[in-house]
Amino acid sequence: VEPSGHAADRIARLPGQPAVDFDMYSGYITVDEGAGRSLFYLLQEAPEDAQPAPLVLWLNGGPGCSSVAYGASEELGAFRVKPRGAGLVLNEYRWNKVANVLFLDSPAGVGFSYTNTSSDIYTSGDNRTAHDSYAFLAKWFERFPHYKYRDFYIAGESYAGHYVPELSQLVHRSKNPVINLKGFMVGNGLIDDYHDYVGTFEFWWNHGIVSDDTYRRLKEACLHDSFIHPSPACDAATDVATAEQGNIDMYSLYTPVCNITSSSSSSSSSLSQQRRSRGRYPWLTGSYDPCTERYSTAYYNRRDVQMALHANVTGAMNYTWATCSDTINTHWHDAPRSMLPIYRELIAAGLRIWVFSGDTDAVVPLTATRYSIGALGLPTTTSWYPWYDDQEVGGWSQVYKGLTLVSVRGAGHEVPLHRPRQALVLFQYFLQGKPMPGQTKNAT
């Protein structure tokens with residue numbers, strides 16, 4: 001039985017949680033009665049004195065990775081998880097200082113989201129994920145009616161480079177008056193397969209992590225493939241590239257890899273093994289980790305944590321909670337090769353669209369994003385300039401007619417994990433619809 005209203009979803013307190021000045025809610029929304037698909041959400045509200053703040057839906061990618069695991073627990077969420085999952089620490093740069101942040105685990109089978117139709121996890125794809133997410137939103141606003149008509153944004157990273165524009169398009173086309181969509185933001189996201197491949201391989205070669213021969217081979221084998229369903233020739237070329245890259249963190253080129261050894265292959269310190277375990281298109285899945293991921297895995301498998309979150313209530317999830325679902329990831333179905341047509345439609349509709357990129361990510365690197373956005377052919381209103389945070393260069397930005405591109409200096413794939421302060425600055429400017437701040441005049 002769906003609880004009446006949102007009060008039943010209020011989180012009293014999470015195990016090991018510090019005292020806070022904001023409310024949290026979590027629970028399930030059934031998106032397909034027939035199939036028994038139910039999506040899990042976590043809402044971290046802004047404090048009372050920041051209200052009425054906008055509502056922002058955050059989506060992680062994969063496909064098959066949990067927004068609770070990544071976004072909420074090691075990036076922009078209110079807390080970071082302590083080693084061994086022993087408790088939580090307040091994140092000084094949490095995004096719910098300035099917005100009400102809603103994390104959604106999707107599709108069903110990811111994180112705490114579940115389905116009673118076991119075949120669902122073998123048949124997921126972009127289209128059903130978008131429609132289920134839309135169904136989730138429509139019902140969520142009924143459970144939280146005080147958020148109806150509130151300024152609403154959709155944001156996400158990585159494979160959410162598909163989810164975010166696809167869901168934004170559905171919301172925009174639905175003309176649902178309750179959902180007041182103002183814009184979207186994508187970080188280190190897949191945008192256009194061809195341009196993303198071109199930019200990714202160029203970045204690898206440019207940063208000296210593949211040989212000249214392999215660079216040529218990657219371009220010959222992969223450029224006309226789908227990112228999600230590469231050909232055997234492209235797979236073989238990326239295997240060679242992976243061997244050449246060695247044991248580095250492709251999600252954050254210049255930070256150490258986690259060296260906690262563990263029996264499972266996904267947490268093995270051998271990167272080639274780690275990447276193989278993440279499916280056929282190795283640079284899309286999983287996430288940056290010197291070990292933060294392990295802490296989340298320990299924490300969210302605690303029964304007291306699940307009870308506090310109203311998650312896995314019946315104990316029906318007879319499997320270990322995981323940050324990502326390999327099954328969903330390796331059996332992904334429809335994945336359009338380009339989001340550019342959606343960008344064009346939503347730019348024309350006047351939505352606020354920002355694309356940001358951590359410039360040390362080698363998985364969906366800045367170069368890929370610059371080529372993909374360049375392919376839109378938008379006129380420039382402010383050309384590439386350095387933006388500043390506390391008189392230091394935080395990154396660079398270019399403002400186009402209808403779209404703002406921002407790089408974040410020294411950040412990997414998960415920008416708020418690596419550069420939490422700069423990420424919060426970026427988020428605040430996005431919400432205000434103001435360009436990133438240039439050098440202040442009075443600086444020495």
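Glycine is no exception: its Cβ is also placed from the backbone N, Cα and C atoms.
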Subject >> Swiss-Prot annotation, disulfide partner of Cys234 among Cys222, Cys258 >> reply: Cys222
**OP:** Pull out the recorded positions from the set Asn127, Asn259, Asp361, His413 whose C-alpha sits within 10 Å of the C-alpha of Asn312 (N-linked glycosylation site).
**Re:** none
Subject >> Asn127, Ser158, Asn318 as recorded positions, winner by CB count within 10 A >> reply: Ser158
Subject >> Rounded Cα separation (Å) that holds between Asn60 (substrate binding site) and Cys222 (disulfide bond) >> reply: 25
Original post:
Within 10 Å of His413 (substrate binding site), Cα to Cα, which of the recorded positions Asn127, Cys222, Cys234, Asn259, Asn318, Asp361 are there?
Top reply: Asp361
**OP:** Determine, using Cα-Cα distances only, which of these recorded positions is closest to Ser158 (substrate binding site): Asn127, Asn318, Asp361.
**Re:** Asp361
Original post:
What is the separation, in Å, between the Cα atoms of Asp361 (active site) and Ala411 (substrate binding site)?
Top reply: 7
